[in-house]
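Undergrad: Mind looking over this structure? Questions follow.
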């Protein structure tokens, strides 16, 4: 009860929010983008760490996509074939680099100090060093991923709630992970980039007009991803309560992450059931690019 009460107090106390608005984008130290060894997330000076960026970018994103959708209502869709191919190739390669990067750095730390830090980070280790640098690059990538939706509306493809909700909430959540220093972000980055390698490769191939038979398995591994994150959360809770050495945690981030994780699990499962239930086997074995709905 004490923990829940402290979370409610922190969320409701206006003074705890005042410092979020005391930094400007012009204060950014851009050299931090290229220094993984000495990386430390510094609120206000690390590029894109300023809180004001989030409501500004998310609001602009929503205005742009729904304005384009309105303006395109009586127009023919743009092809954007080569733009889509390039965009998805960039995100496939970027996801692969982040996945390999964070896996390499986490394995290095596991070799040196054991695996406990992946669910129980001490105050001296959180939110700094090469592993968390890849988490930061992951956060930066979420801004670029917003172009997914711009391409969708220009091509007049179906725009579903899950897609827009996911893009809006993930930008904020990744920032919150970095801001709070919550160490389960390492799990999030590895699992999500692993899934995205296959997902953006799928979109790259369908953009080229290729048939991809394993479309439905992408949604399945996304669902498995959220289940794995739930298990990681249980291990984190156990480590906090049972481990003799102090684990650093941030309860508002923990609760926010798992409420959002549950919402994703529900929405992706619902999407999977609607998309693949009560369909003939033959229809799920082929994919045409024109009917592909981008959900992530």
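All positions are counted from 1 along the displayed chain.
Here the Cβ of each residue, glycine as well, is placed from N, Cα and C on the backbone.
Positions annotated as transmembrane segment by Swiss-Prot, on the basis of sequence analysis: 51-71, 83-103, 134-154, 159-179, 184-204, 220-240, 253-273. The feature compositional bias 'Low complexity' is assigned by Swiss-Prot to 277-290. If you look up Swiss-Prot, you'll see 277-296 marked as region 'Disordered'.
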Undergrad: Should anything in the same chain at least six residues away from the transmembrane segment (51-71) have a Cβ under 8 Å from its Cβ atoms, list it; otherwise answer none.
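TA: Answer is 20-21, 23-25, 143, 146, 149-150, 153-154, 159, 164, 167-168, 171-172, 175, 179.
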Undergrad: Sort out for me which stretch, of 83-103, 184-204, 253-273, has the most Cβ pairs below 8 angstroms to the transmembrane segment (134-154).
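TA: Out of the listed stretches, 83-103 contacts the transmembrane segment (134-154) most.
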